[in-house]
Amino acid sequence: MKILLVFDFDNTIIDDNSDTWIVQCAPNKKLPIELRDSYRKGFWTEFMGRVFKYLGDKGVREHEMKRAVTSLPFTPGMVELFNFIRKNKDKFDCIIISDSNSVFIDWVLEAASFHDIFDKVFTNPAAFNSNGHLTVENYHTHSCNRCPKNLCKKVVLIEFVDKQLQQGVNYTQIVYIGDGGNDVCPVTFLKNDDVAMPRKGYTLQKTLSRMSQNLEPMEYSVVVWSSGVDIISHLQFLIKD
């Protein structure tokens, strides 16, 4: 029986937001005001589609975007964590559920040779079209009013766990490692033995702290981390038996 590790990507695996990082490829490293102002809450993926079109129209090519994305720094201790997981892969399944896109995540994992760590990546599908423009689509449609229109991470997590159960894979625990507001919804799926691991000082940690103070029911335990090394320590504790 294995433990399921669920990772967010932006500000969790990498120490920045890949979507805002790519703006450095724009002329003068900024977007025009009318494009910036076109964002509507809950519709980030559509907004990024317009950003990618703007970059393409300005002549920004795939190799330039790839160079920018692969220069994104890993969060402190994350490389050590992935090496630890690789050595203990018989004890863990790992998935990514991210609001980024498949092209950016592929580039980062490939450049660092970490593809083998992850059994599945759930994110907004992206590809370069015949004009050389990066296009991105919503991962799915859902009815959750807590999450952005393109992705409810809780729905994805439930579907993955159910599918694994149908194939005879039952996890002893789920450990959810994230940072953002859109990680709150999947954390509410966690049960008794599961662990929510919010990054210290980020929205997820602040929200879980507020929920705890309000005495909202939380079956799972909460372990805060600042570095991947903190996560290693807790995983070592979980597998020591």
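Note: Cβ is positioned from N, Cα and C throughout, glycine not excepted.
Among the candidates ASP119, ASP162, ASP179, the residue that Swiss-Prot annotates alongside ASP8, ASP10 as binding Mg(2+) is ASP179. Nearest to ASP19 (substrate binding site) in space, judged by Cα atoms and limited to the recorded positions ASP8, ASP10, ASP179, is ASP10. For the binding-site residues ASP19, ASP99, the greatest number of Cβ atoms within 10 Å around a candidate Cβ is found at ASP99. Taking the Cβ of ASP179 (Mg(2+) binding site) as centre and 10 Å as the limit, one finds 23 other Cβ atoms among all the protein chains shown. ASP8 (active site, nucleophile) sits 7 Å from ASP179 (Mg(2+) binding site), counting Cα to Cα. Between the listed recorded positions, namely ASP8, ASP10, the fewest other CB atoms within 10 angstroms of a CB are found at ASP10.
In this structure the alpha carbons, written CA, of ASP10 (Mg(2+) binding site) and ASP99 (substrate binding site) are 8 Å apart.
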